[in-house]
Every structure is written in structure tokens, then in C-alpha cells.
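Novice: Sharing the record's features from TrEMBL:
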- Asp154: active site, proton donor/acceptor (ACT_SITE)
- Asn12, Glu390: Mg(2+) binding site (BINDING)
- Lys19, His214, Leu215, Gly216, Asn217, Gly218, Asp288, Met289, Arg290, Gly336, Val337, Gly338, Glu339, Asn340: ATP binding site (BINDING)
- Arg97: substrate binding site (BINDING)
- His186: site 'Transition state stabilizer' (SITE)
- Arg247: site 'Transition state stabilizer' (SITE)
Amino acid sequence: MTATATRVLVLNSGSSSVKYQLLDMHDGSRLAVGLVERIGEETSRLTHTALTGDSAGKRERTGPIADHEAALKAVAEELSADGLGLDSPELAAIGHRVVHGGLRFTEPTVVDDEVLAEVERLVPVAPLHNPANITGIRTARALRPDLPQVAVFDTAFHTTMPESAARYAIDVETADAHRIRRYGFHGTSHAYVSRETARLLGKAPEDVNVIVLHLGNGASASAVRGGRCVDTSMGLTPLEGLVMGTRSGDIDPAVTFHLQRVAGMSTDEIDVLLNKKSGLVGLCGDNDMREIRRRIDEGDERAQLAFDVYIHRLKKYIGAYYAVLGRVDAIAFTAGVGENAAPVREAAVAGLEELGLALDSALNDERSDDARLISAPDARVAVAVVPTDEELEIARQAFTLVSDNSLD
Ligand SMILES: Nc1ncnc2c1ncn2[C@@H]1O[C@H](COP(=O)(O)OP(=O)(O)O)[C@@H](O)[C@H]1O
Ligand SMILES: CC(=O)OP(=O)(O)O
Ligand SMILES: [Mg+2]
């Protein structure tokens, strides 16, 4: 790495989307951001925003983008058009969000063939995510074989969980033979948001206990004691826990035997049912909280039911993690729903005054992109909205790793 190489391109490849940011770690500024949506459909869309130079501004491309490889090539073209192409000598690394790192990857890791093989081995436990992450890494490596590709794992932050939280109460030999345990996901977000929450309170992360509610399309809760994760709602895979856009979250595992024995469904059919046809979409046909709120305002009962089930589960996790932590300093809402849906935040903490939780409804309704407190001034527990920034966190970790390596 040359001394002038201070830029990091971050790729967050999801099952049907790629979010990306080009950052300059010299000052943490963003040079370009974008999103490729609906990959594999006829109506794919690439939204690219250059934040610097003559071509600064937003551009959009629509039309079919067949797969993640095509998506990344389109992203590379957009960056080149701004003079920010992948051939730039200023690029120090490409950082990749990798969802499942198993127990092995507890730190950001420079990807080589052996690392890639291990990420591939974990595909069965992150079938919606790891394949896209792998394609992202392979495509980026083909475009810039000389650059370090750094994987930052969703599971890493959760590796501090005590055995009592990570272990499922099933036969120990079977669990160990198949590495079945709670891994947890969205860790980069939980780490970033819990730290930012401490900062908002004017305290050191070591002195603060936080419940983080990451409510995006995928959703998870975590209990963070003094900066370390002690429990989280996702498990072996990102299916467990909260009600999500298309995933069921917690169910009685016997539902799966029942569907096999009584409804004659195959394992793959049940997998699709629970991962893609459940959650909000299964309950009411929509997975977007904006649409659900709109339907509720029109008196739609299915949308109301979906909302109520979503909130009930969320409340249960707030209560559970309150008990796990014993003392809670703050609850932080983050990601698409957590940052934007005031009615979700209001309903999730309603009736929890005895736990020291109360919102200031004017603050809760205010729109802002900044981290902020929304609790009533006399409430014992702070309630915060903290925009997550997985890309910045991935860039920081990737840059730190390659900078340290270059000093060796
Ligand atoms: N203004 C808004 N009001 C309510 N919900 C919103 C709003 N904007 C986004 N969302 C919700 O956020 C979700 C996407 O969250 P995001 O964190 O971007 O998810 P992911 O990273 O999993 O794709 C959408 O599906 C939608 O439900
Ligand atoms: C792990 C996970 O659920 O990620 P996402 O929310 O991006 O789907
Ligand atoms: Mg997300």
C-alpha cells in the first residue's frame, strides 16, 4: 500500500441488492454512495451519487441486472465515470460485509482462497447472504487482483456472548459435531450503534449497558454490556428472533416437523416459507413498514395484525434483554424501520413506564438524520434513534487492518 492510498470501497452485498460506498479514510469523507436493487429482476435499478468532483450528483440506471457480478461491474463503471474507478492508485482496500463467519472469524480478515473456501462452507447457514458476499469478493478481486479484499463479519461482534446465551439446549455432542449454536448477525451495526449510543450519552462504552434494536428488512436485537455483546436474537442463521420483513423469527421448531408430516412440505419448501414468505409479508402481503402504516391508516385489519405481531415480539425482546442486563442505560433504535418509523418506536415502549421507559412524543415524531434522544426528560432509561453506518464501520476496520499490515 502506498502512503497516498487512503480510499476504501465498501460493498454490502445482500440477497437481491448491493449497497456500496467509497470513503476516504484520510478524513472519513464519503466520495460516492449507491445502491443496486432488485438484482435478477427485469426492473433492476442502480442509484449512484457522486459526492465530489465535476460530476457530483445523483444518477439512476434502470433495466435488468442479471446477477451480483453484473451489478458490481455496473458499479465499477459508474465510479469510473466520476474519475473514481477501481483502477485508482488511491484505493487501499475493498471492504466486504460477510454475513456468516462462523466461530473462526472474530476479526476483519484479508481474503485469500482458503478464507473464501471457509466462507463458502458456511453457505448452508446463511443461504440468503453468504453466496452474494462471495460473488462480491470474487468479482472485486478479478477487477483489482493486487488490492487487499477485506472481509468484515456480521458474526464477529457476537463472539463475546457467554456460553449460556450462545448454546442451545440440545444434545451437546450433536450440537458440537455440527457447530450448532447461536452466532448472531448484524454485528457490525450492533457494535457501531452501541458505541454511538454511549457517545450520545457522553459516556465511555465500557460504562454503558444498551439494548440495540436493528430493525431493517432483516431485524435483530442485542444486549450489550459495557461494549460487549452478551446476547442477541438471531441464531445459527439469520432466521431466529424478531419478526422481519419476510422471515418468521421465533417459532416452535415443531412447526417444521408438522409441515413435513402433515402438510407434506419438503425441507426446501419450508425454508422458503420461513425465510421469504413469512414475517410481515406472510402476515399481510407487504414487507415495507411504510406501506403497512398506510394500510393501517385506511383501516386495514391484516396490516394491523402484522404490526401488532411485530410489536409484541419486539416488546418481548426488550423485556428479555432488560432482565439479561439487569441495568439498562439506553435502548437504541436503528436501521430502516428503527430510524424512520416513529409509530413502531412508540408502540414498542408503550406501557413500559415501570421499567423506566417513556418517550417524548414530539421528539419521537421529529425527522432527522442525526443520532438523537427521544426519551422523556425524566425517564430513567434513555431511548435513542441512532442511524447505523455499517459501511463506515467496515471501511474503518478494513483500513486499520491494511494500514497495520503495511507497517509490518
Ligand atoms: N420512512 C420509513 N418509514 C417506515 N419504514 C421505513 C421507512 N424507510 C424505510 N423503512 C423500512 O426499512 C426497511 C429497509 O431497511 P434497511 O435497514 O435498509 O434494510 P436492509 O439493510 O435489510 O435492506 C424497509 O423495508 C421499510 O420497511
Ligand atoms: C443478517 C441479515 O439479516 O442481514 P440483512 O438484514 O441485510 O438481510
Ligand atoms: Mg441491512
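From the backbone N, Cα and C atoms, a Cβ is placed for every residue, glycine too.
What TrEMBL says about a protein is an automatic prediction, not a curated fact.
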Novice: Using C-alpha positions only, work out which of the binding-site residues Asn12, Arg97, Leu215 is nearest to Arg247 (site 'Transition state stabilizer').
Specialist: Leu215
Novice: Select the closest residue to Lys19 (ATP binding site) from the following recorded positions, measuring between CA atoms: Asn12, Arg97, Asp154.
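Specialist: When the Cα distances are compared, Asn12 comes out closest.
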Novice: Give the number of CB atoms, excluding that of Arg290 (ATP binding site) itself, located within 10 Å of its CB.
Specialist: 12
Novice: Just the number: how many Å between the Cα atoms of Val337 (ATP binding site) and Asn12 (Mg(2+) binding site)?
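Specialist: Here the two Cα atoms are 18 Å apart.
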Novice: Out of the recorded positions listed (Arg97, His186, Leu215, Arg290), which are within 10 Å of the residue listed as 'active site, proton donor/acceptor', Cα to Cα?
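Specialist: Cα filter at 10 Å returns Arg97, His186.
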Novice: Please report the distance from the Cα of Arg290 (ATP binding site) to the Cα of Arg97 (substrate binding site), rounded to the nearest angstrom.
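Specialist: Roughly 27 Å, rounded to the nearest whole number.
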Novice: If I restrict to non-local contacts, at least six residues apart, and a C-beta distance under 8 angstroms, what lies near Glu390 (Mg(2+) binding site) in its own chain?
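Specialist: Glu390 (Mg(2+) binding site) has long-range Cβ partners Asn12, Arg97, Thr188, Ser189, Tyr192.
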Novice: Would you mind ranking the recorded positions Asp154, Asp288 by how many other Cβ atoms sit within 10 Å of each Cβ and giving me the lowest?
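Specialist: Among the recorded positions Asp154, Asp288, the sparsest Cβ neighbourhood within 10 Å belongs to Asp288.
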Novice: Could you say which of the binding-site residues Asn12, Asn217 has its Cβ with the most other Cβ atoms inside 10 Å?
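Specialist: Answer by Cβ density within 10 Å: Asn12.
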Novice: Ligand 1 is in the model; which of the binding-site residues Lys19, Leu215, Asp288, Val337 have a C-beta less than 6 angstroms from one of its atoms?
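Specialist: Listed by sequence, the hits are Asp288, Val337.
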Novice: Identify which of the recorded sites His186, Arg247 has its Cβ surrounded by the largest number of other Cβ atoms within 10 Å, counting every protein chain shown.
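Specialist: Answer returned by the neighbour count: His186.
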Novice: Have a look at the binding-site residues (Lys19, Arg97) and report the one with the fewest Cβ neighbours inside 10 Å.
Specialist: Lys19
